[in-house]
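Pulled from Swiss-Prot, these are the features on record:
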- 452-468: compositional bias 'Gly residues' (COMPBIAS)
- Cys142-Cys225: disulfide bond (DISULFID)
- Asn25: N-linked glycosylation site (CARBOHYD)
- Asn50: N-linked glycosylation site (CARBOHYD)
- Asn219: N-linked glycosylation site (CARBOHYD)
- 438-468: region 'Disordered' (REGION)
- 1-74: topological domain 'Extracellular' (TOPO_DOM)
- 96-107: topological domain 'Cytoplasmic' (TOPO_DOM)
- 129-143: topological domain 'Extracellular' (TOPO_DOM)
- 165-184: topological domain 'Cytoplasmic' (TOPO_DOM)
- 206-235: topological domain 'Extracellular' (TOPO_DOM)
- 257-293: topological domain 'Cytoplasmic' (TOPO_DOM)
- 315-333: topological domain 'Extracellular' (TOPO_DOM)
- 355-489: topological domain 'Cytoplasmic' (TOPO_DOM)
- 75-95: transmembrane segment (TRANSMEM)
- 108-128: transmembrane segment (TRANSMEM)
- 144-164: transmembrane segment (TRANSMEM)
- 185-205: transmembrane segment (TRANSMEM)
- 236-256: transmembrane segment (TRANSMEM)
- 294-314: transmembrane segment (TRANSMEM)
- 334-354: transmembrane segment (TRANSMEM)
Amino acid sequence: MYASLMDVGQTLAARLADSDGNGANDSGLLATGQGLEQEQEGLALDMGHNASADGGIVPYVPVLDRPETYIVTVLYTLIFIVGVLGNGTLVIIFFRHRSMRNIPNTYILSLALADLLVILVCVPVATIVYTQESWPFERNMCRISEFFKDISIGVSVFTLTALSGERYCAIVNPLRKLQTKPLTVFTAVMIWILAILLGMPSVLFSDIKSYPVFTATGNMTIEVCSPFRDPEYAKFMVAGKALVYYLLPLSIIGALYIMMAKRLHMSARNMPGEQQSMQSRTQARARLHVARMVVAFVVVFFICFFPYHVFELWYHFYPTAEEDFDEFWNVLRIVGFCTSFLNSCVNPVALYCVSGVFRQHFNRYLCCICVKRQPHLRQHSTATGMMDNTSVMSMRRSTYVGGTAGNLRASLHRNSNHGVGGAGGGVGGGVGSGRVGSFHRQDSMPLQHGNAHGGGAGGGSSGLGAGGRTAAVSEKSFINRYESGVMRY
C-alpha cells in the first residue's frame, strides 16, 4: 500500500499508487519516466532501470530496511488492540444493559460493528502485507479485504448522516411522536445493504497484479492487490467515493447542524425571562450535549479521511501529478491510509471523553474499577454521550416540560396567597392541588395524585390558614420532585 519514505522515485511510486487497497501495493519500488513502459491497461511495467530523478540508478530497498515498515506496523498493532477493546465494549454495553437500547445508541452500535469489521479483517491483513515484499495471500483475500473496507466506510458515513438527521428532528420538533425502535433497526439494516451494494465493485474488479523490479541481486516480480482495473476506472471510482463517502454526507450533516443551531438560538431568544434562566441551563444543555456527541463522531470521521481523499484526487486528476510526486505527497499518502484505519478505533475513545455513562461502563468492564451507580450521574451525564432511555425522553420533551413548570410555579405561588382564612384556605389548597393533579395526568410524571388531592381536601376543612400552608408545601414538594423528574423522564 505504501512507498518508501526515503528512497521513493518521482514516477513509479505515483503510478503504483493506483493499487492502494492493501499492504504492498507499491512496496517502495523506485523508478522515473525513463525505463518505464506502460501497456494499454497499465498492467505491464518495464522496470529494468530503476532511475533516480537525476538519472542515476537507485537499487530497490527491501521492505525490512525501511523505517516506516516498523512505524506503521506498530501503529496498526495499536489500532487493532484499541479498536477491538473499545468497539467490543460498546457492543457488550448495548446488549447487556437494556436501558442503553434506545434510538441514538442503536446507530452507535452499527458504527461499532462496522469498525470491528475492518479492524478484525483489514487491519491484520494490512499489517502482514506491510512486512512482506509481495502480496502473500490469494486473490479472494484481496477482494474480501477491499470489500470489507468499503462496507465499513459506507456504514460509518451513512450512519453518521442518519444520526445527525435524528438529532435534528428531536431538537426541532421535541413533541413529535417518538421514532420507534423497529424503524431505527430498519434504517440501520438498509444502511448496511446500501454499503454492501456500493462495495460490490471491489469484489468484481479487485485483482492481483504483477510488476517486475530490478534489485541489486537481479530481477524479481512483486505482486500487489489493486482495486482498479485501469486508469479510467480508477478516476471514476476515486471521484465517486470522494463524492458519496465524503463530500455529500459532509454537506448534509453540515446543513443539519446549521439549522439545529439556528433553531436553538431562536428558542433561547423567544423564551420568557423567568423560564429562560431555568430551561436554558438544564434542558437545553441536555440537547446540546447529545448533539456534541454526534459532532465528535462526525469531526473524527472527516479528519481521518481528509488526507486520503486529498491525495487520491490530486494524484488521479492533477495533470502533472507523476512529475510533482515527492516526499511530501508520499508522506501524505501514508498518513492518509493510516488515519483511514485509525478512524475505526477512535470512536470509542471520543465517546469515552464525552459520555459519563459509557465511561462508567468502560471502567467497569475493562479497568476493573468498582464504580457505584450514582443517580445524579444517570440524570445529567447520560445526555452527553451514550444515553439511557430516560435521558432521551427528557431531551425530546424538554421544551414543553420546562415551559409548563414555569407557569405551574407562578400558579401555585398565586394560589398559596389565598390561604388567609378558613374558607379561603380551602379554596387555595384545592385549586393548587387540582392544577398539580391535572398536569400529572397530561404528561404522565411519576408523582402521587393522592397526596396532591389530599392536601386540597385538608386545606378546605382544617380552618384558618390551613389552605395556604398546604398549598405552599404542595408547591415546594411538587416543584422539587418535578424538576428532578425532568431529567429522568
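Note that Cβ sites are derived from N, Cα and C of the backbone, with glycine treated the same way.
Taking DSSP states H, G and I as helix and E and B as strand, the topological domain 'Extracellular' (206-235) has 5 helix, 18 strand, 7 coil. Across the structure, Asn219 (N-linked glycosylation site) and Cys225 (disulfide bond) are spaced 20 Å apart at their Cα atoms. When Cβ-Cβ distances below 8 Å are used as the criterion, the transmembrane segment (334-354) is approached by residues 1-3, 5, 20, 68, 72, 75-76, 79-80, 82-83, 85-87, 89-90, 108, 111-112, 114-116, 118-119, 122-123, 126, 152-153, 156, 289, 292-293, 296-297, 300-301, 303-305, 307-312, 362, 384-386 of the same chain, each at least six residues removed from its ends. Mean per-residue pLDDT, taken over the topological domain 'Extracellular' (129-143), amounts to 89. According to DSSP, the secondary structure content of the topological domain 'Cytoplasmic' (96-107) in residues is 9 helix, 0 strand, 3 coil. Across the range of the topological domain 'Extracellular' (129-143), the DSSP-based residue counts are 7 helix, 0 strand, 8 coil.
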